[in-house]
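Colleague: Below is a structure I'd like to ask you about.
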């Protein structure tokens, strides 16, 4: 084991060596600033500017200036002479000069301020020099396919890792290359020419002037961290997304299975439901978070991904993201009623919420702060990406994320801090949860009551929040209403007089429910006594389910009310539900919970705990014979056992009121009898209301029976009283022989019972109704039938008493009989004589040939695929719309990101809110005034500018010593420095910022001006790049900022979802046994899979064509011609032949379409977009190219 660990550590160390290295201390020699030699050596190897006709627009070494004045001419000519330029060219207007600079590619232009207007001196030349240097926006000496520019729109690089920038170049390198591009030599030549002309005879010979770069301490370059800032946010989103998307799926599944509504009916408050989901999700996310933090912060082979950052701020940021994502996915889940639909849409939306991050990542500088904050608020995954971008930017700076910089931005160019991201995630969390709670009320789905869209503004909502009960007069039944109902029902048999002496457990008063113009329940008034079982009967649509829904609070009554255990369902619903148990018609169980866990859960919801809880659970396990199955999850139980468990869940917890909707459905005879015994034994202390379609069950269990029809109560009483009142007495059934005459039999019976008529004639059975008032002649009828049955051609006869089914048909049937029950039922039909001998096969049916059968099977399989696709049309719409959405959004964003002109930038310390200037004073007698002027100029700046002295130490040693403890401070705020001695004047360049080279030189120039002229002398330089040339604009539009990567990456993500949809029908057919049925019907395996492959392949090709058409519409170079589109279509065709069978292979494991869809997306992401992005970023980085 030790050898294995040692070998693994050695291999990991070798792997990380590709990404990281320890680099030594860097010191740089001085670089001359009074010559263009470096520019001349580099410009021919750099990016060339082209004419519109395709010829090279070579730079012309002529210095242009404007306006054309004597003073400006003298300065320009002297500067051109110093730099050995070909000459100067004067212009009267800046516009004319700009045009010629772009057209002829002159080396540079100078826009002087109105120097002739200066009258502060009696001499010829002014003491204040202001000018702007106009260089091409594109860097002439830069090499490579990407057009580099002067970056005047920012002060620091977007992402600058630890270490000196362009560490192999003594002059600072490109970008931005102030010496290599000739900017600094021309700046120096212009200023020194002005000083010579303005000072006149006072100008003295100055020491040699040169530039040197800041030294840099030994540092550790971790290229892995550099690459991680690009792909790690996406990887983290994928890791966390597995649990978060699963959250949305499970919430929707609970809603689809009616579990949430049942818990709500049982009294579980809504906030408890959401908090429980949050706790469970948060616990799982914490496990992943601890692993992620371990990978980020624990060093392996002495290397960590985030070696500089503190773990607590990062952990806090993850928590903000978790809360926002939880609320976001809960909000998404409440819009769907089916888990499969929710999974598909949530997975897609989860990826789409990452698209804004990619836009921000590639166009970070062009996206303003407000847009970034809004995107972070609306899309949690974008917030995660932007937050990780901030963290890695702090990490690359060498400072790392700490509590001290949690509220600060990394760069002065960017105001975004991690605190802003966390604040936006918090605001987004509140918005998402409010939307979730609102939609849940106005769109509860298939179960629950939908409130009006404006319910938050209704008076009773706010009154309930502050503790007031609200009940309008129209919402509760008045005494007059109840008395009216009693009058209407006076003709109906009521419960026995004993009922009035019993205490009612459920007292329904004038209950009414209207849906538009239809009335489902009409003024229902009914008492159900405690210690009794009341059975509610009625045909479909009679109003039974609506009544139960109103009693449970699932549906609000239009008027009237019900009192359950002393609590009003309209004003005290929570009290009602606290003692309510319900067993719905369909088993509503948690598939992952065991039998015992169900009983524990429902008992806890009812308030039991401790010893009482255990006794309650053991009692019902024993009563229902589920002791051996107590640890089996519900999904593994048989249908009968699930039904037993549902009944036990309704009874457990000492519930006072139990509502059972067909509790014995799905049970065998023995189990039904057992269930009846259970319900009878549980009657004491309870009010039990149940519905059933088994009349024997109603007879066996019911203390009272209520029959509803068309929303109205038809009758209510005991089984015996209802049979007596609504039954037709007895029924005589006669079995006919073929030659029996019905009229002769009827005439025979009419001798004893006048006006008797056949009730029905079904086959050989002839049915007569014997009213009770003729019971005295029943014996005579039977005696005569026995004697004359042969004469009447009857094989036999029998007499039966009226049943509950007869009562139900009499008072609750759709086709009511006339009073007296006379007349035959004409709706009943019978087969003609001899019909039993008819063959079910036609005489001309014959077996088809094998070729015909094969064709018919192929046709049937494709028809099946067509029908399933038609009925799941939303899947097809999503598949076809995805490439249009993905590619369209990326291309629209790219098309609007055309390069813009660079802004002018004043070379000034005022650009930096906090800046340090370091002075090494080694001056002698002749240079001491320069040192004093240098210090005075810095002091004159004020604000956040501070002058530091090396106090006799060498400049390089001073910087190296300070940066040991304050490396990040030195890199960001030590913007300039100088060493003044008798032999040389050295300006020091901190190359971490972009524009400190002209700044550090300008500070020395101002010190010289104050020394040679007067204390008010000033030199103001502005860097004003020219507009891009037409050639550069075309080249940048062609490159489109990594267009190829963005296109490929977007297509990878798009195809992941498009192909993942193919797994849904495959798993559905397997789990519903449809696949097995097809095989049993003669479909062989090859036919089954080939038909699926061809149909799915056709959809994939159609999807690819739509995506390519979307790309072609934008007419981008390389993506517009027929040849370009044909090549990409060929790639798609090959991709489809490999991807679809792979998707079928993945479908073998999942047992649920939603889980299969999610699993497929996860696997495809791991094998597709993530490795592609990882390899792409590795290959772009020169430090990882060797890998």
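Just so it is clear, glycine is given a Cβ too, placed from its N, Cα and C backbone atoms.
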Colleague: Would you please say which range out of 158-180, 181-203, 204-226, 342-364 has the annotation transmembrane segment in TrEMBL?
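Modeller: Going through 158-180, 181-203, 204-226, 342-364 one by one, TrEMBL gives transmembrane segment for 342-364.
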Colleague: Among 103-130, 271-298, 467-494, find the range that TrEMBL records as transmembrane segment.
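Modeller: My reading of TrEMBL: the transmembrane segment range is 271-298.
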Colleague: So which range, 829-850, 851-872, 873-894, 895-916, gets flagged transmembrane segment in TrEMBL?
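Modeller: It is 873-894 that TrEMBL describes as transmembrane segment.
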Colleague: Given 417-439, 440-462, 509-531, 532-554, which one carries TrEMBL's transmembrane segment label?
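Modeller: From TrEMBL, the annotated transmembrane segment range turns out to be 417-439.
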Colleague: Would you mind telling me which of 1043-1064, 1065-1086 TrEMBL tags as transmembrane segment?
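Modeller: The range carrying the transmembrane segment annotation in TrEMBL is 1043-1064.
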Colleague: Pairs of Cβ atoms less than 8 Å apart decide it: which stretch in 230-251, 271-298, 373-394, 1043-1064, 1154-1179 has the most with the transmembrane segment (1128-1148)?
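Modeller: It is 1043-1064, which has the most Cβ pairs under 8 Å.
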Colleague: Quick test of the contact rule: Cβ under 8 Å, at least six residues beyond the ends. What residues does that give for the transmembrane segment (873-894)?
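Modeller: Residues 341, 344-345, 348, 352, 355, 359, 363, 1040-1041, 1043, 1046-1047, 1050-1051, 1053-1054, 1057-1058, 1061, 1064, 1099, 1102-1104, 1106-1107, 1110-1111, 1114, 1116.
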Colleague: Grab the same-chain neighbours of the transmembrane segment (1043-1064) for me: Cβ-Cβ under 8 Å, and only residues 6 or more beyond its ends, written as numbers and ranges.
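Modeller: Residues packing against the transmembrane segment (1043-1064) from afar: 340, 344, 347-348, 351, 358, 362, 872, 875, 878-879, 882-883, 886-887, 890, 894, 1092, 1096, 1099-1100, 1103, 1107, 1111, 1116, 1119, 1135, 1139-1140, 1143-1144, 1146-1147, 1150, 1153, 1156-1157, 1160-1161, 1164-1165, 1168-1169, 1172-1173, 1176.
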Colleague: Please give the sequence-distant neighbours of the transmembrane segment (373-394): residues at least 6 beyond its ends with Cβ less than 8 Å from one of its Cβ atoms.
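Modeller: Counting only partners 6 or more residues beyond its ends, the transmembrane segment (373-394) has Cβ contacts under 8 Å with 159, 225, 228-229, 232-234, 236-237, 240-241, 306, 308-309, 314, 317, 320-321, 324-325, 328, 350, 353-354, 356-358, 360-361, 364, 400-401, 405, 410-411, 416-418, 420-422, 424-425, 427-428, 431.
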Colleague: Can you name the far-off residues of the same chain, 6+ from the ends of the transmembrane segment (417-439), with a Cβ under 8 Å from a Cβ of it?
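Modeller: Sequence-distant neighbours of the transmembrane segment (417-439): 270, 274, 313, 316-317, 320-321, 323-324, 326-328, 330-331, 334-335, 369, 373-374, 376-378, 380, 383, 386-387, 390-391, 401, 405-410, 456.
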Colleague: Note the mean pLDDT of the domain 'ABC transporter' (506-735), expressed as a whole number.
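Modeller: Looking only at the domain 'ABC transporter' (506-735), pLDDT averages out to 86.
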